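Trainee: Below you'll find the structure I mean.
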Amino acid sequence: MIERGKFRSLTLVNWNGFFARTFDLDELVTTLSGGNGAGKSTTMAAFVTALIPDLTLLHFRNTTEAGATSGSRDKGLHGKLRAGVCYSTLDVVNSRHQRVVVGVRLQQVAGRDRKVDIKPFTIQGLPTAIQPTEILTELVAERQARVLSLPELKERVEAMEGVQFKQFNSITDYHSLMFDLGVIPKRLRSSADRSKFYRLIEASLYGGISSAITRSLRDYLLPENSGVRKAFQDMEAALRENRMTLEAIRVTQSDRDLFKHLISEATSYVAADYMRHANERRIHLDSALVLRRDLFSSRKQLVTEQYRHVEMSRELAEQSGAESDLETDYQAASDHLNLVQTAMRQQEKIERYQSDLEELTYRLEEQSEVVSEASEQQADNEARAEAAELEVDELKSQLADYQQALDVQQTRAIQYQQALQALERARALCQLPELTADNAEEWLETFHAKEQEATESLLQLEQKLSVADAAHSQFEQAYQLVVNIAGEVSRSEAWQTARELLRDWPSQQHLAERVQPLRMRLSELEQRLRAQQDAERLLQEFCKRQGNAYQPEELEALQRELESQVEELSLSVSDAGERRMAMRQELEQLKLKIQELTARAPVWLAAQDALSQLSEQSGEALEDSRQVTEYMQQLLERERETTVERDEIAASKRAIEAQIERLSQPSGAEDARLIALAERFGGVLLSEIYDDVTIDDAPYFSALYGPSRHGIVVPDLSLVREHLQGLDDCPEDLYLIEGDPQSFDDSVFAVEEHEKAVVVKIADRQWRYSRYPEVPLFGRAARENRLETLYQERDRLAERYATLSFDVQKTQRTHQAFSRFIGSHLAVAFDADPEAEIRLLNTRRGEIERALNAHEDQNQQQRQQFDQAKEGISALNRLIPLVSLLLDETLTDRVEEITEELAEAQEAARYIQQHGVSLTKLEPLLSVLQSDPQQHEQLQESYVLAQNSQRLAKQQAFALTEVVQRRAHFSYTDSAGMLTENSDLNDKLRQRLEQAEAERTRAREQLRQYQSQFTQYSQVLASLKSSYDAKRDMLKELSQELVDIGVPADANAEARARARRDELHAALSTNRSRRNQLEKQLTFCEAEMDSLQKKLRKLERDYHQIREQVVNAKAGWCAVMRMVKDNGVERRLHRRELAYMDGDELRSMSDKALGALRLAVADNEHLRDVLRLSEDPKRPERKIQFYIAVYQHLRERIRQDIIRTDDPVEAIEQMEIELGRLTEELTAREQKLAISSKSVSNIIRKTIHREQNRIRMLNQGLQAVSFGQVKSVRLNVNVREAHATLLDVLSEQQEQHQDLFNSNRLTFSEALAKLYQRLNPQMDMGQRLPQTIGEELLDYRNYLELEVEVYRGADGWLRAESGALSTGEAIGTGMSILVMVVQSWEEESRRLRGKDISPCRLLFLDEAARLDAKSIATLFELCERLEMQLIIAAPENISPEKGTTYKLVRKVFQNHEHVHVVGLRGFANEIPSLPPIAAELQQGG
């Protein structure tokens, strides 16, 4: 539910007794309590002044002046104010919770008139915390303040953010804003509305039943319904204009057709040719622009191709130079590969001979061993054979000499004894007590080693001595070997040098063995070095292509960057494809849209022409369809207002004509019946008697006779009495004066003259006071003077009526044009400008085409960047694995190091190869070099020492050897026994002899076999030595040849050389392919440049030709445009919809119009000649001259009495308006005549029924109201009997009175008035016209009677009159009536204000002490039920327990008067009383 707005407070500033006082208003009842003169009425007057600041209405009288009609000139306001600026403001919070401060600035005006100047204003958006007094006053000191002037107040308010200040120069605007904000219940459009509202407030303020309101309850409670009256006014206007319309149509039709046909055909003829030339000029300009654009683009393309040609030529030169270098490198690589292959074949031979040598060496060694073993075996066999021979011989000798054998046994026995002695001797000599026969052999090995060392030393010395003595030639041989190997050395250093050489020989051999691994390692390093160089070359090429210098460690980051770039470019390329497709699709869509807009443009242009015509007709800028419809509504409203004004003018004109007709009656009779009665009574009209009175005396006599100036002067009244019986056809008041018509004077009256007035003593107890009429009509001079004025007024009204009629038809014509526009063009008129859209789309298409070209270029650049990035990534993919290689700064050093090592190894190999044999020969001869034959003495001494050492060692070894040798003797223990046991000795010797002979035979046979085998082995060894020597010589030759080749022949050399050659071959092929590609591209580029140059020359030639055409055509076109603009016909000729037609269509259109124009101007020689001259196609300006001639001709034909323009096109439009106006009037007449009397009756009845129901609803709110003996209040509404009869006849018996409604002489209103008179003949209509009566009968309010009734005690329902009620009852009843009126206004105005606004309700009651407590309680209950605020003034506090009560006491302090105010809030809800309000601020100096 919408919360009702409330008045929060009332603020008085600088009023009498109140300097700056704010009264907080209660939501229900606010009571102002105080004695007489306390300021209660002043407070209420301030409230009313802020609510209705209309000085023509404000009248603050005391209750004692209730019946007074005049008072002081200030009407009670001037005396309530103090000198200076005063304010009265109302603080309101409406239903929207918007705080609004409304008020007035009041100021006394110096002078005797005691006037007050009032300026209303409003403040919106004021914060709640700020009180009105803070805004209206300014503190000067602690207890002093100054009142701000209105400009200062405005400046202060506007300085606050969000606060709006508005000052009003019109009370209507002030009340309009108050109504919109919900402060007042009714929109007060006029002074009459304000008067009603003030009368209501005044009735509320002074209490009682206001006769001004009860007499006009219909005006207060019933809203006006002018729909029926307006409808019949329109119908009657159509009837009056019928004949004039028909005549005007016949007069205007011929001119309109002529104008329209000639203008239409001339416009088509000239505009078609004009637009054709404009189109051709535009086409030529577009062609020139296209050619210029192509020219510039071709020049740009040629420059691009030339730049490409230069770049490709430079690259081709680089590629050619690189190809030469690559061919040289490739040839060198091929030669190197051949050398490597030759070296490899040589190496294979060397390896083969080396393997053969190794095999021969192995076989030679094996054969040597075999020969050595064979020699040893032969020596053993020879020894065994010799031993066997010796044993056989010994056995034979033993057998021959048994005694000798016996001696042998003895000898063995001795040998046994000697063995024991030798053992003891060895123990002593070797100092080995633990020596036994069993371990003697072990000790023998030890002492043999010592002996061997001593022997070796001795042998060395012996060798030296022998060399010195017997082998001097061997020393020379060894020394020569040392010199051959080591160069020149002294003889003394020969042995040391030879020893060092032999000591270094193994290391040299080791180095020689490392040649192959070092060569392989060097090959690997050289390969890495070449790879590094290739990588550096690749890096340099990469940096050159990238245009930046990159370090190897930056390559990985660069690779990531390039991969990211490739990814972005890939996405960009893919997006570019999609975007290109999207742009092409958009381009196609744009082309389709342009085609669609091109097809729609003529329709839109036609709509725009229509819209521009409407704008010119209306004078409004129509920017959207809403404005069109709103303007149509305005047109309807304007048409209604103009029609109403025209009808009012017509009514005034009819009234003046009726008055003229009445004043034109003979003898000055206003009623024709008076003449007949004067003849009947035999009298003379009084006006005829005074017909010759002067115009100066006419006012006096008119006032003198008053109503009897239309009387009849008869000679004898007694004779007239009998004629009065049954007299009905006469005026309502008929004056008969007895007197002589021939000598009549004014002596019959006792007259007393005053200033412009007379007092006529009709009788002793009856006087008549008559003022001089402003327009006297008594006497022929006065009537003629009045008639002259009326004739002038009638002429003025007739002219005004014609103007209004034309305006009505023009408005209707404009409305029809708007209707046609809405029907035909509204759907497209406010669409976007298709031409602007076409321009935008063309611009967009150009942008897209440029963007597409730029996109292609960008895409190509991106592709190039993409390819370059991919190529960079590809190069990086080759470079990244080589980063470690590029970063290997020690590679060159390692290569040099390995190269040095290999050189050393190869040097060692060559050394071994050169001196290996010498070293082999030198090794056994090393000892020879130890002693120089020239150093014999020293050797001799050394030899003696060595001999002594060797002798001792030998003695010890001999002693041990003797023991060892005599180990067999230790087994001769039985030989001692043999000396006694010799019996079987002979047999044993024989057996042993046989065994020895058999053994000798086997030894001889084995010796012969081994001698044969040794001979074979020796032959094989000699053969192997011969083959070995031959192959060794060949190997030396091959090695020398390999050295002469100078190429290492390792296993990977051929692969590296082949890979190098293949790599250079691939690079050479790539270079040749690129060079061929560049040559082809260069050829194509040259061809393209030749083609572009040819195209450029053709474009320049075509551009200069078409530019020359455009320049030549410009002069003629400028002349045409100047002529068109000078004569103001450009808007007529420049028809943009024709721009979308081709030249053939425009020529056809012009030719058709030309044929029609030839027929149209056949009778006009001037136009015919101008038309014939305009047919020259080479002189387009002559067509413009023809069009201007047609315009001039038609301008001369315009009828200025009908058409108010000199423009033929506008004349046609005005003719159309005139014809439309006339036709529409006929149509409107027929339509409005179709309105039946029954429908009028139904409308009035429905309206009456609706209002009766509304009043019944209002009555329900007053049923429980009681004041004193009054228990209830109600409002009765009844239909008048005569009017009810009229409604019944209109709806049920209209056929009986068709003579009235079908009459051409009577309007509907007059017919309705006549019907009312027919139904109620007893009623006197007085002097009112039937039209006026009929218009009153069309107002439903005249059908109703309203009266207020109260239910009082035992009397029941009585009419509410002040005389029948007590004062309190009258006040309560009057308050109830006012509440009903306010509710009615709110209901009536609900549709005019916002739906979220519920207006404030507030009434006043002064001197409320006249109500008893029960009545006061009823008022409180009524306020609570109706959400109404009430301000009560009473001498005493009448209801302190409810509402808010202010106690006002007026005090005088030091000649300064102020009102002391104490506020008390009602304590019914246990709310504590308000603290006393502080004393008034003292007025600032």
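Even glycines carry a Cβ here, placed using N, Cα and C.
What Swiss-Prot lists as ATP binding site is G34, G35, N36, G37, A38, G39, K40, S41. The feature coiled coil is assigned by Swiss-Prot to 337-480, 509-605, 835-915, 977-1116. Taken from Swiss-Prot, the feature region 'Flexible hinge' applies to 666-783.
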Trainee: Same-chain residues six or more away whose CB lies under 8 A from the CB of N36 (ATP binding site)?
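Mentor: Correct list: P1435.
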Trainee: From the centroid of the CB atoms of G34, G35, N36, G37, A38, G39, K40, S41, the recorded ATP site, which same-chain residues not already listed sit within 8 A by their CB, in sequence order?
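Mentor: Leaving out the recorded residues gives T42, A1433, P1435, L1448, R1450.
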Trainee: What stretch, picked from 337-480, 509-605, 977-1116, has the most CB pairs under 8 A with the coiled coil (835-915)?
Mentor: 509-605
Trainee: Using Cβ atoms only, which residues of the same chain lie under 8 Å from G35 (ATP binding site) while being at least 6 residues apart in sequence?
Mentor: P1435, V1449, R1450
Trainee: Just how many other Cβ atoms lie inside 10 Å of the Cβ on G34 (ATP binding site)?
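Mentor: Total other Cβ atoms inside 10 Å, all chains included: 23.
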Trainee: Counting other Cβ atoms within 10 Å of each residue's Cβ, which of the binding-site residues G39, K40, S41 comes out lowest?
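Mentor: Selected from the binding-site residues G39, K40, S41 on minimum Cβ neighbours within 10 Å: S41.
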Trainee: List the residues of the same chain that sit at least 6 positions away from A38 (ATP binding site) in sequence and have their Cβ under 8 Å from its Cβ, in sequence order, or write 'none'.
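Mentor: Sequence-distant Cβ neighbours: L1448, V1449, R1450, V1459.
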Trainee: For G37 (ATP binding site), write down the residues of its own chain that are at least 6 apart in sequence and whose Cβ falls under 8 Å from its Cβ; none is a fine answer.
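Mentor: Those within reach of G37 (ATP binding site), by Cβ under 8 Å and sequence separation of 6 or more, are R1450.
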Trainee: Treating G and I as helix alongside H, and B as strand alongside E, what does DSSP give for the region 'Flexible hinge' (666-783) in helix, strand and coil?
Mentor: 47 helix, 26 strand, 45 coil
Trainee: For the coiled coil (509-605), provide the mean pLDDT of the predicted model.
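Mentor: Average per-residue pLDDT within the coiled coil (509-605): 80.
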Trainee: Where does G35 (ATP binding site) sit by DSSP, helix, strand or coil?
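Mentor: Its secondary structure by DSSP: coil.
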